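Taking it in order: structure first as structure tokens, then the write-up.
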Amino acid sequence: MARKTKLEDYRNIGIMAHIDAGKTTTTERILFYTGVSHKIGEVHDGAATMDWMEQEQERGITITSAATTCFWKDKRINIIDTPGHVDFTIEVERSLRVLDGAVTVFDSVAGVEPQSETVWRQADKYRVPRMCFVNKMDRMGANFYRCVDMIVTRLGAVPLVTQLPIGSEAEFEGLIDLLKMQEIVWKDESLGAEFEYRDIRPELKEQADEYHAKMVELAVEMDDAVMEAYLEGNEPDEATLKKLIRKGTISRKFVPVLCGSAFKNKGVQPMLDAVVDFLPSPLEVERMQGIDPKTEEPDTRGASDDEPLSVLAFKIMNDPFVGSLTFCRIYSGVMTTGTGVLNSTKDNRERIGRMLQMHANHREDIKEAYAGDIVAVAGLKNTTTGDTLCDPLKPIILERMEFPEPVIEVAVEPKTKADQEKMGIALNRLAQEDPSFRVSVDQESGQTVIKGMGELHLDILVDRMRREFKVDANVGAPQVAYRETLTKRAEIDYTHKKQTGGSGQFARVKIVFEPGEPGSGFQFESKIVGGSVPKEYIPGVQKGVESVKDSGPLAGFPMIDFKATLMDGAYHDVDSSVMAFEIASRAAFREGAQQAGVKLLEPIMKVEVVTPEEYMGDVIGDLNSRRGQISGTEQRGIAQVIHANVPLANMFGYVNTLRSMSQGRAQYTMQFDHYEQVPQAVSDEVRAKLA
């Protein structure tokens with residue numbers, strides 16, 4: 001089976017936006033006009049094709065990124081739907097990894113919102129070329145020009161305006177195409193499928209000329225020869241302009257800005273044209289960086305069917321009909337059903353069973369997938385999010401994704417005995433799909449604890465457990481994920497001896513325990529020379545410390561940011577074993593922790609509140625009362641932005657306080673920043689609660 005679409009005709013794009021900016025509606029319209037869905041699904045009725053999980057339909061927010069493929073002007077567009085809520089930024093990051101370009105959707109009334117900035121910064125991190133679509137031009141208070149200003153002031157980007165709106169709010173009837181210098185006006189009765197080009201009306205001519213000139217001036221900077229000709233009075237034609245805008249977009253010198261109203265079916269087709277004209281094909285983005293697992297040397301893969309196979313698994317979903325589906329982006333080579341591949345991240349083999357190409361609501365079985373494709377593979381046993389699949393003879397590990405640590409936890413208990421077993425299965429499935437979600441069982445109380453990125457994140461996971469797996473559970477109040485660490489250095493020399501007829505147990509270890517840098521986690525080093533502890537026993541020493549560090553001596557929280565160095569030891573030819581060294585290092589750690597002293601750490605969140613000026617004093621006062629430290633304030637348009645670091649323990653239920661304090665006008669976002677020592681009074685309180 002040969003490749004159907006040339007690689008240069010692929011566009012792998014994501015649609016990024018703040019909640020409610022109209023991302024799902026925009027995606028729906030794209031699928032409608034590219035001929036995939038026959039009836040437009042409205043998010044308002046909860047029937048959009050992209051939002052295929054029941055919950056998303058109820059909450060009207062998009063949670064899982066479904067990958068959909070469609071065609072426009074003979075180009076294949078693969079759309080990865082990204083979630084827009086801050087609790088799901090991990091999914092956004094993951095989808096940004098596999099995109100080549102993105103369309104950022106803004107609400108023309110709200111402009112650039114906090115979450116849009118978060119997502120924009122993530123897209124900068126992965127160097128994703130993007131364009132902007134200013135949506136909802138038909139709403140009261142729509143203001144395209146203010147939105148363009150905010151792209152400069154809030155995102156620090158350079159907007160290249162390629163369209164102007166004709167009218168706004170109820171008067172919004174179409175756009176001026178600044179490349180063709182013509183109006184595009186839609187016929188209402190044809191659901192936006194029909195539109196016509198007309199001459200620009202006289203009253204808008206002056207403004208159109210002004211913006212056209214600005215656009216040309218920015219575009220010609222991409223090519224010296226065109227620039228010279230332009231300065232001599234020769235204006236570039238439309239085809240040349242498109243080439244220059246494409247070049248500037250892909251090199252991230254500027255972002256094309258378009259406008260429309262997806263809900264009113266206006267502006268979607270020109271946006272699709274812009275995706276094809278300005279966003280890169282897999283051939284135009286940087287080669288994928290990776291590491292050769294055999295040599296640990298850097299290696300790369302380019303978009304070509306002839307290079308060795310390299311594939312990134314970026315999402316796992318459970319499908320009621322097919323079971324577990326792993327969404328994959330093929331960077332190089334060809335993947336065929338029935339063949340074996342290497343999961344280089346975990347160093348084990350996988351067999352490619354069934355491959356599916358996902359359309360908005362149906363799926364098509366395929367036998368081969370080529371470089372640039374995004375496919376879903378059924379039945380992979382050990383592959384999780386972020387793993388690389390590759391040619392076993394030419395292995396590569398594509399750059400690893402970094403997942404933030406979960407900071408909030410709740411205890412969940414099944415309501416009935418029957419739910420008990422189902423809950424275990426459900427939680428494991430969910431943890432497999434979402435690396436920012438962890439499940440653990442408290443050894444002492446036997447309680448199951450789930451950990452995630454925020455209150456909404458955990459709400460949704462519990463909800464999915466109920467719907468998808470039919471598990472009813474009681475959920476405790478959210479708890480803070482405290483940690484413990486050492487306060488100073490301690491050196492422990494410990495000997496473990498046990499003699500009971502026959503062979504006994506013997507191990508002696510001398511270990512230095514010391515505090516590490518913040519964020520360093522747990523480090524283990526062996527400085528054994530001359531074999532005072534044989535090589536094969538050293539992993540036992542490390543394992544011993546690891547087995548007890550998850551339950552600290554102070555209040556039973558995991559210990560972080562410390563280092564254990566094995567300095568010396570002794571063994572016995574008959575009585576020593578890995579087990580004996582494990583027991584010795586465990587006891588040494590307990591003694592060391594006691595001697596070094598242990599302190600309690602709490603997660604500090606980076607909080608950003610955007611509020612109208614008049615509530616600023618109240619907001620700052622309230623943050624201070626939550627043990628918050630204000631790190632700065634800035635003016636953003638008419639609003640004030642307050643940056644603060646606040647302990648997570650004091651942020652529960654903050655959203656309600658903020659709403660009532662600002663009459664619903666202020667919003668906030670928060671993400672984990674670092675761990676910090678807890679004040680003594682709070683530490684005593686936490687320990688008393690646990691006791």
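From the backbone N, Cα and C atoms, a Cβ is placed for every residue, glycine too.
Swiss-Prot lists 8-283 with the feature domain 'tr-type G'.
What Swiss-Prot records for 17-24, 81-85, 135-138 is GTP binding site.
Residue environment of ALA17 (GTP binding site) contains 28 other Cβ atoms, counted within 10 Å of its Cβ in all protein chains. Residues near MET137 (GTP binding site) in space but far in sequence (CB under 8 A, at least 6 apart, same chain), listed by position: SER108, PHE144, PRO165, SER168, PHE172, CYS259, GLY260, SER261, LYS266, GLY267. Take the binding-site residues ASP20, LYS23: by the count of other Cβ atoms within 10 Å of each Cβ, the lowest one is ASP20.
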